[in-house]
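I have placed the structure first, in the form of structure tokens, so that the comments after it can refer back to it.
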Amino acid sequence: MAHLATLSQLHVSLAAPAGSDTTLRRSAFKVQNISFGGKSWAPALALDLKSRNAGLTKRLSVCMSVQQASRSKVAVSPIELEDAKEPPLNTYKPKEPYTATIVSVERIVGPNAPGETCHIVIDHGGNVPYWEGQSYGVIPPGENPKKPGNPSQCTSIFNRIYQNGVCSNFLCNSKSGDKVQITGPSGKIMLLPENDPNATHIMIATGTGVAPYRGYLRRMFMEAVPKYKFGGLAWLFLGVANNDSLLYDDEFAKYLQDYPDHFRYDKALSREQKNKSGGKMYVQDKIEEYSDEIFKLLDDGAHIYFCGLKGMMPGIQDTLKKVADQRGEKWDEKLSQLKKNKQWHVEVY
């Protein structure tokens, strides 16, 4: 089972759609109808709640990504939190949130990306516990637009949503030193199971849905965890529009270089690659390309995760059903068994 994390910072990737209006700050965009979480709201914010790194100061001015991945594994601290049996839930409530501090806001996509995505680092002083795959919330300042006179609604971050752009605009326009009210954590669907350190984890994402997997991979490959030595296979499928839209690509490429026997990384670039039929390459096309291997891994007990835009799932489900039919299997029965075995993990928005 996973464990508690108390890194002093939360790492957030926030996405805005193409055509966003920028101000003098490159991270300040006008966000329209992108959704995050199980509902359809306005902008997307993916939070990588990863890190238990010992020896780090509570305030860092640079993002811990490729630079850290290229070093020796970092120790985790405090060790006693590794022994937790149950995930923390609702440590901070809407009426009693935790006040954290914005450290930095940085654009992390190239000039030809169809949308904007920023990496936001939030300092919580090491006081915010969570497990990989959980969500935290943000309470934006001001009144709830749906309930005048009441505080703004608490909305979740990590594969979650923001109502009407209130939260995302607040975070995008934030600057170093600004305060943010945090609630949570919540969620058990996307927790990284650690009862078998040699398990296979097939991770499928679109866009900022890569957030929880970045947390998993940092635990597997970046941190020196005394009680969790990953010896299995982590296989990441990431679907985005083009190369300029790739998120944390250098970091994942470094893992691929350092751990070739334990990490695989496949990208579906819909505006730059073609599938076998000559159409756009979506993540479900990559799944079909490796379907025989994926099905065999699932039969052997692999966990499979889906995170990203809700619209990804119909195409993926159709592809998996088609593959099952070709193999002489009934997909509905297979899916039911995967869910029963707790191998099937979905968080879409």
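Just so you know, glycine gets a Cβ as well, placed from its N, Cα and C.
Quick caveat, the model's predicted, so the values are computed rather than measured.
TrEMBL lists 95-192 with the feature domain 'FAD-binding FR-type'. Under the heading NADP(+) binding site, TrEMBL lists Thr208, Ser270, Arg271, Lys280, Gly308, Leu309, Glu347.
Annotated features, which come from TrEMBL, shown on the structure.
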residue : record               : CB count, 10 Å
Thr208  : NADP(+) binding site : 27
Ser270  : NADP(+) binding site : 20
Arg271  : NADP(+) binding site : 14
Lys280  : NADP(+) binding site : 15
Gly308  : NADP(+) binding site : 27
Leu309  : NADP(+) binding site : 18
Glu347  : NADP(+) binding site : 22
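Across Thr208, Ser270, Arg271, Lys280, Gly308, Leu309, Glu347, which the record gives as binding NADP(+), the greatest C-alpha separation is 25 Å.
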